[in-house]
Amino acid sequence: MQRIGIIEDEKAISDIIKYNLEKDGYEVYTAYDGEEGLNLIKTKDLDLVLLDIMLPKKDGLEICKEIRQTKEVPIIIISAKADEIDKVLALELGADDYVTKPFGMREVMARVKARLRRKMTEGNKAEANEDNLVEDNLCMDLKKYEVSKNNEAIDLTLREFELLKFLWQAKGQVFSREELLEKVWGYEYYGDVRTVDVTIRRLREKIEDDASKAAYVLTKRGVGYYFRG
């Protein structure tokens, strides 16, 4: 049984989400403030987290940042904050999706199922190609899921790794943000296309000498992204 954590201070919202998730067969844990939520994440082996931003005791964005330091569990933000800057910040801190209140339960359930399906696909994926990808001083070990530059390890999230691998293996081919959402995030992904921009930005900051002057992951203005070829 898959385990989902709900960190939401509005009990009425938490209860209805919990009810619908349990009805679909999920094991659900709840927390009503940030500190309780962080403890929940540390003590339970969760498969997905639904996380509010405006929480007592500890802000949801702080929790998101802390989670990403040690865990790759999918995070879906549920928040009344609808401004673009709030969504972008949450994605930059490692959230996988963002749902704005008020929301419909069918939408929330669809996003939860999509993220869990994607997580299972990634977890079961066996890498058949054992060769390394090498470009200048940048090296990617597809078997070990490791990236290094100048023989120094680069710490990438699983999503950043998969995005880099996909673009690298299709060197020179330009992909739109929508295509990358389909190919890397999975066709059921319901997130904003800006998720791609945020992940590209984080990836460049880690692999490029100067993220503002990319040498590996390049932009084709008005079209999309590609790995230099």
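Yeah, the Cβs are placed from backbone N, Cα and C, and that goes for glycine too.
These features come from TrEMBL:
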| type | residues | note |
| --- | --- | --- |
| DOMAIN | 3-116 | domain 'Response regulatory' |
| MOD_RES | Asp52 | 4-aspartylphosphate |
| DOMAIN | 130-229 | domain 'OmpR/PhoB-type' |
| DNA_BIND | 130-229 | DNA-binding region |
Worksheet item: For the domain 'OmpR/PhoB-type' (130-229), what does DSSP give as the number of helix, strand and coil residues?
Response: 35 helix, 24 strand, 41 coil
Worksheet, complete the sentence: Grouping DSSP H, G, I as helix and E, B as strand, the residues of the domain 'Response regulatory' (3-116) number 55 helix, 23 strand, 36 coil
Worksheet item: Could you give the mean pLDDT over the DNA-binding region (130-229), rounded to a whole number?
Response: 89
